[in-house]
Amino acid sequence: MHDYTPPNTCSTPSECLPLSQWNETMECGSELAVDTMKKELKSRAILADCSTRMRSIVSFYFCYLLCLCLGIACVVFVSIWNSQWRGGFAWDGSALQFNWHPVLMVTGLVVLYGNGAVLYRIPLTWGQNKLPWKLLHAGVMLLALLCSILGLCAVFDFHNTNSTPNLYSLHSWIGICTTALFTTQWVMGLAGFLLPCSPMSFRKLLKPAHVWMGGCILILSIVSCISGINEKLFFALKGTTNGTMPYGKLPPEALVANSLGVLIVAFGLVVLKILSNQKWQRPEPRSEDLGYSPLLQDDS
């Protein structure tokens, strides 16, 4: 009869496995757990980043739609004011010619200028060839500048025809300085960002000044338009002198003109909000795109 030897029982894992094998198993398990945790955290971070970007894009398009609506409202209000209460439009040196001045200045110096300034912020333009958007930006700004110059021609011609002094009011000083700065800004932008001979060093030096000056011109444009609206109402609504209700009684014309001023301020605030939000800035181009590139060359 053979003696029976019962199998050994292990009271601890280290007795069943050699110490080296147990350490390797623990290390392997730890690495798998760490890798799994890293992947999970990375997935959560990606989802959170996508969610943040989506909210940012939705917020942008809400502001951009508000900007478009306010701009259209500004043009409608200034046109209604001068057609219904100021008699309409003409180009004969009369008061009807003057009516082109507020319409053209609000349309060009505020609405077109503001919309041209936010073109680079539209997310759909990111990652695309930048050249068409450069040309569109320059074209919209040129149209705004031409409207502003034509608006100045209307008022200067009206003043000269009626022997009225030019550039005597604070409104006229601000307006002419704003238009001069706008002209300088457009010429410098053309020279710095579109002409083939523009060197990279000049572009780098000009870009921050171009952006800062753009915001300043918008603010000056709003101040000029608000002061002009107020000045016109004081001149036009004199009460018994010219058969109109006095400005102090807030007649319908004053209500419409004041509402126009509020719309202009609201439009400017929305544009400045879009321009000042760092998340809505166009991503910086690759390093090779910062150098010299001809006007018609692909520039992303």
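Backbone N, Cα and C define each Cβ position, glycine as well.
Just so you know, TrEMBL annotations are computer predictions that nobody has curated.
Record features (TrEMBL):
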type	residues	note
DOMAIN	66-276	domain 'Cytochrome b561'
TRANSMEM	61-81	transmembrane segment
TRANSMEM	101-123	transmembrane segment
TRANSMEM	135-158	transmembrane segment
TRANSMEM	170-197	transmembrane segment
TRANSMEM	209-229	transmembrane segment
TRANSMEM	255-276	transmembrane segment
Against the transmembrane segment (135-158), which of these stretches has the most C-beta pairs under 8 Å: 61-81, 101-123, 170-197, 209-229, 255-276?
101-123
Taking 3+ C-beta pairs under 8 angstroms (sequence gap of 6 or more) as contact, is the transmembrane segment (209-229) in contact with the transmembrane segment (101-123)?
yes
For the transmembrane segment (255-276), find every same-chain residue at least 6 residues outside the stretch whose CB is under 8 Å from a CB in it, and list them.
60, 63-64, 66-67, 70-71, 73-74, 77-78, 80-81, 85, 106, 110-111, 114, 117-118, 121, 211, 214-215, 218-219, 221-222, 225-226, 229-230, 232-233
For the domain 'Cytochrome b561' (66-276), the mean pLDDT of the predicted model:
94
